[in-house]
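What Swiss-Prot records for this protein:
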BINDING   19-26, 81-85, 136-139  GTP binding site
BINDING   THR26  Mg(2+) binding site
DOMAIN    10-206  domain 'tr-type G'
REGION    19-26  region 'G1'
REGION    60-64  region 'G2'
REGION    81-84  region 'G3'
REGION    136-139  region 'G4'
Amino acid sequence: MAKGKFERTKPHVNVGTIGHVDHGKTTLTAAITTVLASKFGGEAKGYDQIDAAPEEKARGITINTAHVEYETANRHYAHVDCPGHADYVKNMITGAAQMDGAILVCSAADGPMPQTREHILLARQVGVPYIIVFLNKCDMVDDAELLELVEMEVRELLDKYDFPGDKTPIIHGSAKLAMEGDKGPLGEQAIMKLADALDTYIPLPERAVDGAFLMPVEDVFSISGRGTVVTGRVERGVIKVGEEIEIVGIADTQKTTCTGVEMFRKLLDQGQAGDNVGILLRGTKREDVQRGQVLCKPGSIKPHTHFTGEIYVLSKDEGGRHTPFFNNYRPQFYFRTTDVTGAIELPEGKEMVMPGDNVSITVKLINPIAMEEGLRFAIREGGKTVGAGVVAKIIA
């Protein structure tokens, strides 16, 4: 049962902690909730409450994720923290927890480590737009020059993956001290600095309803005397009666006009993001539209067949493949509402991909799909999910 009423007075932003194992992601998450709860209200969470992350399923993949919330003076944040590295990989690739920005936690005592690099790369591949750095465990480093060196390394690493290293806020602190109630510059003050960086460096995300209209086609009906009705859930934007729309994907792009919007058998003058609607199309035949296409604002999205992506391949225990796959593997790619066959090209020097791996791939589909960078997909074999992925870059 929900505890207390959710006050939607402050704008809402989704964030999460990323970084190498044992650099203090979960301790920092606990410290943020504790310090901000004392300043702005909300619930303080202890390390153990966050570490015991519940299992959840996203696209058939089991992921352990802890969700906490906290408030700053200006905003309400939903924050995700994952216990294990594999959970991060799955979470970011499936988009189970979309992040408007990430807090990269890096230990000042160790400097950047392999997963620090991998999480920055993943953030770039899956389209996390902003990263803020929390240099943790600064209480364990007495040498100011060493701190400067670690900070330089982190900035170089961010630059390498196309994040603005020089402009990125880097906060020095100690999550452990903050948890212990230390009011000094590395304790509570560092957490308040981090909160300020979240408020100022991460812009408010565009609300789904403000985007360009897009609705994946789920079903198509023909209603005698009225024409063709397409049903689906509006993903973003607003559709008004009388507006021109395009049908994109699989076949050649067609133009049509929305002559009616229905919801729960009632006629509306518009449908918006989140609504399950039926859209009546003027002059469009039933056979001109099929599941897997999208209705969209003209010119807002194009069909593509060739792209690079980042994928996670399910392990045998997760119900995935039992054997590796090789170059030119041809599974089905499930985009929004339909499967399209495609061929996978592995990166140079990569012989094969084992179940449980994540890898960057290049894909050529046999039919075009309405696609943008950041679009999620599942990889299937005979209707069974064997992987999950995200479009990193469109080639053609």
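From the backbone N, Cα and C atoms, a Cβ is placed for every residue, glycine too.
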**Item:** Of CYS82, HIS85, CYS138, i.e. the binding-site residues, those within 10 Å of THR26 (Mg(2+) binding site) when Cα atoms are compared
**Value:** CYS82
**Complete:** Between the region 'G2' (60-64) and the stretches 19-26, 81-84, 136-139, the largest tally of CB pairs under 8 Å belongs to 81-84
**Prompt:** So for CYS138 (GTP binding site), how many other CB atoms are inside 10 Å of its CB?
**Reply:** 22
**Message:** What residues elsewhere in the chain lie close to the region 'G3' (81-84), defined as a C-beta under 8 angstroms and at least 6 residues from its ends?
**Reply:** 16-17, 21, 25-26, 29, 50-51, 53, 63-66, 68, 91
**Request:** Indicate whether THR26 (Mg(2+) binding site) is helix, strand or coil by DSSP.
**Result:** helix
**Fill in**
In this structure, the one of the binding-site residues LYS25, HIS85 whose CB has the fewest other CB atoms within 10 Å is HIS85
**Request:** Please state whether DSSP places HIS85 (GTP binding site) in a helix, a strand or coil.
**Result:** helix
**Asked** If you draw a 10 Å sphere on the Cβ of the residue listed as 'Mg(2+) binding site', how many other Cβ atoms land inside?
**Response** 23
